[in-house]
Structure formats: structure tokens, C-alpha cells
Amino acid sequence: MVQHQLRGSLKVIDDCSFRVSNFDMLSGSEVYWWGATGPDFENLTAGFVVSDRKLNETYKNSTFVVHLGKNVTWDGIRVLAVWDRPTASNFGHVVLKNVSNGSTTGPPGGSGAGSVRGQVEPTMLENCKVLSENYRVRWTLNADENVIDIGLEAATATMNYMAFGWANPKSTSDLMLGGDVAVTGFMEDGLPFVDDFYISEYSDCLVNKDGSAHGVCPDSMYEGSDSTALVNNTKLVYGHRRDGVSFIRYQKPLKSVDEKYDLPVNHTEDMVVIWAMGKIRPPDSIRPYYLPQNHGGPRRVTFGHLVLNISGHVNDCLGPLDAEDKEDQDLINADGNVPLVVTTGPALRYPNPPNPSKVLFINKKEAPVLKVERGVAVKFSIQAGHDVALYITSDPIGGNATLRNMTETVYAGGPQAEGVQASPMELIWLPDRNTPNLVYYHSLYQQKMGWIVQVVDGGLPDMYNNSVFLDDQQVTFFWTLSEDSISIAARAEKKSGYLAIGFGSGMANSYAYVGWIDSIGRGRVNTYWIDGTDASRLHPTNESLTYVRCKSENGIITLEFTRPLKLSCGRSNDPICKNIIDPTTPLKVIWAMGTGWTDGSLTERNMHSVMSSRPVRVLLMRGSAEAEQDLRPVLAVHGFMMFLAWGILLPGGIVAARYLKHVKGDGWYQIHVYLQYSGLAIVLLALLFAVAELRGFHAGSLHVKFGIVAIFLACVQPVNASLRPKKPANGETVSSKRRLWEYLHVIVGRSALVAGIAALFTGMKHLGDRYDGENVHGLNMALIAWFLLGALMVVYLEYRERKKRRGKISGRGSWVLGNVDEDDSVDLLSPNGTLAEKESQTSGRMEVQLEPLNK
């Protein structure tokens, strides 16, 4: 036996089969008969499956024949083990010393011509008697040698004793008084012990002033410590703790030389035996022995007696003991404020054999179980050496699963997580709500150096970044945002049969998530699209939820799930396509509770008994909430102001600069400047108005991104205008700085207008997605018609302008001195501005008409 309470006898039948009898074993996950060339760590982990028969169930005194698989022979098997593949764990094994046809290996009593006796394990004894549900005694009698081997086995705590012995034949009522018992247990360092005890009184062992002892005391305390070798006649043979079960084997003479405190055992007669189990007190300066305390429990559970004849064959122990708490090794509860010191040391009591030569120690404890809470950071101080890299993994074996062509999830650590005592490395791991209940800490470079990490739920506030009360403060809403998903939890503050939360302004046209406990006690979460107010209007949906949990504690329902921010859908008209969570937009949340829920056809009985009176707007990125307000008027004013700026004023200013050059003086310039500054002022005012009402500014949506670009480019234009180079005088050549400024001013202005128009259209779409506005489509069409009309007007004006310019060029053959009405302005929107045309005209031949002056 190595673990899982494995016992049994094995006999090789022939070249391809063997028989197993009296086979006990607790169930495993994926257990096989396993062959290896040696019982050490390297050979066992490099072993192979020898039979297709799986051993995944619990076995109770079973007998069966196992056939070797194809191409498997005894020649390649030196160790036959029961092996759990996922955890690379050895449940137990047999060392085959001499395998030949008809050979046996098992307990005494094996037969067969030419048989070769195998090894008998100390856990195997010929008889077994049930003392209580969790306590057994096993024995093998050897009357010829005047000894009996006794094995005490109990599913009990580590620091508990197991006592067994014979009652005084002269006692008729108080059977414990005068009893001769052996007290067994495990010391604080984990080593087994056995002591010979004599019961003089029903009390703890006490020493009088004169040095005499009374109570439940070791024989040596009655006679003095120097007499231990004479009066302690029990001999420890073997002891272990496996899967929460203590087993200690000792040997006792039937007739002892100590006739004062030991009772003679007549193996041919019925005799009364007594037994007990309970807590044990470690030794101190006054009592240098492990002393049993009062058993502290009812008869036949923690103590009792029965009549037993040890010479008869008895075996009423059907199957292995199954302890409720199987984790015997040290348990460490991680504290976020205290670092866990990780070192290495030799494997002594590794909890999951086979074990390598060295394993990980945490806070000086060998491969303990580590218990952590979701949402509470765990700090490791790694001092295990440069050849040990700590990591937290989903793989129970560790040592980098990719080297075994396996996959694993790494939750923390890696190649960089190594250090020594002089220069430790600090690793911080934060288990979140999506971390599985069971993960493992291991070294990245060697297999099976670590052990289990138990991940338990902390409080919901620890597992989620944000929380708010919903309407009426009867439901608490929790959430954590990530890049493309959101983790959500909701907890009712009163008892109910189910809890539902919905995203929407009311029951109709909302997406609901319902959590309840079904008829077999399993937590369930279902999703629905609701388009009405009766049960027939709830339509189940298949949303891609992950990490779904639902539980009920004292009638209080808590549901949890993780979902993408944008759900994938097959058809564009599927309602689920609109179930989008935009972190930059307030999420309207409602809730409902009722007496019961069913999975399938819904009826009026599924209707809520209490619900929120109004939705709450949850500001996901800010971590706050507020009562729902109708922001459509606010957004309507914002949209109208932006349309006034980007749809009328700013385009009007551009048209003025382009097509009003014929206006006398600088009228076109004044119109251009006034329209542009007025439009920019309205844009900034509309922006401040929206930010103030929405209580935040988030650049997540496409509308906001286009708006930022447009406003930035619009703000660049006044700065650009203030840096305008001086325009050249008539007849002067345009400077390179002036021409570069012209290009820059034109490109930035046009780009700002394009971005502003895009922001208008994306804003309309954003409004429709948020409020499902019925008029949004009509407004979009009106907006398109307006800009198409503007585009047609610009085309017409551009045609007239070009026609006029062609007429001017063809008609300019001469000019009159003193004509100062010529336009000397620069066309700000044309790279080939009017100044260039004038330069080309003055470069040719000129005619001058002279007139007489009248004096």
C-alpha cells in the first residue's frame, strides 16, 4: 500500500495473466495496471500500461483475473503497480522477484508446485474485525512463537490515539479497570509509536508526591523510567498514515514476563477485548510520554468491548476505510500580508508518491496543501535555488507539460520565478473568480516537486473590482471588466426561489439572466430575451457564458458568470446580436425575484413576486451607479448643436472662402472667420454639455473617436491662421512658406469637415443602439439628404467659378493704369490661388494707354 487504502494478494497464473484476491482500493480518476523496471521515481514515471482493464471504482475484497495486453510480457516487468495516470501517482505495487510459470507473490498460505514465495507486506494480516464504523483491528497469530501481530487501523485525526487490549478476566462490570492495552499513535514529527499501558483508574495519568502513578499510564511509569525495557513488551513493526487513515502494526507476546501489568492471552479461549480512540497529549517536562485523553464519545463509536477468540479466522472488514478528510499533510492558509517562503529539501513524507529526491517546502513544511482565496493576492518569496522555477499550473505533475506533449494553463510564475536565500525572488499571484478550484504549485524544470493549491471563494467584494446596490437595495450587482469580456455577479439580499437580473429599461425588450437551484440541488443559470410581459414572451437564448456558478446559502441566491462584451450571433435579426455591453455607456440593470423557476416551458408560476421599480444606470468604467434618467433630450440637444456646427456653420465658412471672392473688400474673409469661430464655439459647447450630463468622457465608441479627431483638427485651424505668413504684394513671387501654409490650411480644414460628418453619422448609430430609437432611421436619411444637397450646391458653384476664371483669362489683354479694383486676395482653398494667375498675367507683354491731363 502506498495510498488509496490498497491491499490484496497477487498470483501469477501464466505468461499472460494474473489473479488478484482480497483486493481493496479507493477509487481513482484514470487508474491502470502499470509495469516498470524499478520502484523508484524515474522508473515508475517512465512505465507503461500492462492491461486495458481500468481500476476506476472502489474495490471491496474483490477477486478477479487480469490479462496482460498485447506485446506485454513478464520479462519487461519488475514492478507491477496500480497507477493513476493524470497525477502520475502510485497507489501500490508488487516487486516481482522471481516470475515463472506458477509463481506466486502474496501472503503466507500461497500454494502450488514449484512456487516461489513473494514478499508479504506489513499491511496484510490474516484476520480483521470491525470495532466501529471507523476503527478496525487486524491480527495474525503465531502461537508457536508465543506472539501475535496486531494492526490497528482507524479513520481518525493525526494527533489521535488508537488503543486495544485485553480486559482483566476477573472484571465483570468496569471492564477497563485493570486492563492491559497497547496505545498507538503518531508523534508530532509524524513517526509512529506504541506503548504498553495499564489502567488503574478512569483518569489521566497522574504522579503522586511519593512518585507513584495512577490512571491510564504506561507500564514504565508505574515502575520507573529505568524499567522501560522490562515492562514495555510491545514492539513496533510498522506504521503509516494514508488518505486520512492511521495504521500501526505491533507485536505482543501472548504470555509476557511482566506478570504485574500484562495479562496472559489464551489464544484458544474467548476473551474480552477492550478498545478506544481519542485525542492524545504530547509529552512535557512532567509527563515525558504521549498520554491518551478521555475518548470523549459514545460507546461503540469511540470506545467499547467485545468477546474475541484470536485463534479463529475472522474477516468482516468489507472494503477499505474511507476517511472524510483525506489530506493529512500540513495545510497552509495563505495570507496576503505574509509572504510564503519557498525552499527545497529531501522528500520524506511526500503526499502523492512516487516522489523525486527533493521536493518543495513552503514555510518549512514539506509539500503542504496551500489554501488561497479568490481575490486575495498571494505573495511567494522564492529561495529554492536557480534550478527550481516556481509556477502555478493546471497540470498535477508539473515540470512543463509541453515536454510531455500535454497542454497546461499557467496562472503565475515561470522561468523567471527563481531565487536563492541571499537574493530571493518575489512572486505575487492574484487568484480571480475564474481560477479553478484545484490547481498545483510545481517547479518548471522537475516533475512532482509540489502539490495542491485549493482555491476557495472569498467574499464577492474580494473577487470583483466593483459593486453597487440596485434599485430598492435588495440586490447587489458586482462586476469586473477585462479587455473583451465582463465578469458579473448578483446577490439577493432576501430569500427567494430564483434571482433574475436584466439589461434594459424594463421587463419588455430586455435580456435576462436567471439563477436558481434545480430539483437535484444543482445551481443553474439560464439566459432569455424578453419581448413582452407574460411567460410566453420569455425566449431562451444560447449565450456563450463561461465560469457559470449559482448557489443558495440559507435561501439567499448568488449567481455568477462571464460573458463577452459583444456576443456572437448567426443571423443579423437575432435579438442576441443587440445584446452588446459598451463599457463607455451606462448599463441599465433591473432585477426580479420569485418563488421558483423551471428549465423548459415557463408558466405563470415563474413570474416574479418582487422586482425593481426602475432601472439603475451602472457606470461600468467608473464603478458607480445612479438612478435611470432619460438622456434622450440631452443627447438631442448635443446632436442638434453638432449638426448646426458641422452641417451648416463650418461648411458655410469653407464655401465663403471658396466662392465669395467677388465680394468687394474683405467681406468674404469676414464671413469665413465669423462662421468658423462660431462653429468651433458651438462644437466645444456641445462637447462640454454632453460630458457634464454623462458624467464622464470615454473614448471607447467609434462616435467619440471620430469626434475627438474632428474637434482636434478644428482647433488646429485658428492656431494655423495665427501663424499665416504675410501675403506677397502685387507682382511679387509667392514664398515657399506661404504656399506650404496654404496647403496645410486646406488639408486640415477639409479633413476636419470629413471627420465631423463621420461623427454625426456614427453618433446617430450610437443613439439608435442605445435607445432603440424609432426615428433614428428617418433622421439618418434626412442627414444624408442634407449633405447630398450641399454636395450638389458645391458642384454647381465650382462649375460657375471655373467658368468665370476661364472667361477672365481669355479677356485680359490690356489694363488701364490706375485701376485698383483688381482682386489681390489669395484663394485659400486652391493650391493654384489667384495670385499665381496674376503672376502669370504680368509676366507677358503689357500695353499702356496714356491720357492728357486737364489743367
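Heads up, the Cβ atoms here are built off N, Cα and C, so glycines get one too.
According to TrEMBL:
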- 1-97: domain 'DM13' (DOMAIN)
- 133-278: domain 'DOMON' (DOMAIN)
- 473-594: domain 'DOMON' (DOMAIN)
- 602-800: domain 'Cytochrome b561' (DOMAIN)
- 828-855: region 'Disordered' (REGION)
- 640-660: transmembrane segment (TRANSMEM)
- 672-692: transmembrane segment (TRANSMEM)
- 704-723: transmembrane segment (TRANSMEM)
- 743-761: transmembrane segment (TRANSMEM)
- 781-799: transmembrane segment (TRANSMEM)
Q) Between 640-660, 704-723, 743-761, 781-799, who has the most Cβ pairs under 8 Å to the transmembrane segment (672-692)? A) 640-660
**Q.** Selected stretch (most C-beta pairs under 8 A with the transmembrane segment (640-660)) from 704-723, 743-761, 781-799
**A.** 743-761
**Q.** Model confidence over the domain 'Cytochrome b561' (602-800) (mean pLDDT, whole number)
**A.** 80
Q. Which range out of 1-97, 473-594, 602-800 gives the domain 'DOMON' (133-278) the most CB pairs under 8 Å?
A. 1-97
(Q) So if I exclude everything within five residues of the ends of the transmembrane segment (781-799), which remaining residues of that chain have a CB under 8 angstroms from its CBs? That is, six or more out. (A) 643, 647, 651, 655, 658-659, 757, 760-761, 764
Q | DSSP-derived helix, strand and coil totals, residue by residue, for the domain 'DOMON' (473-594) | A | 8 helix, 68 strand, 46 coil
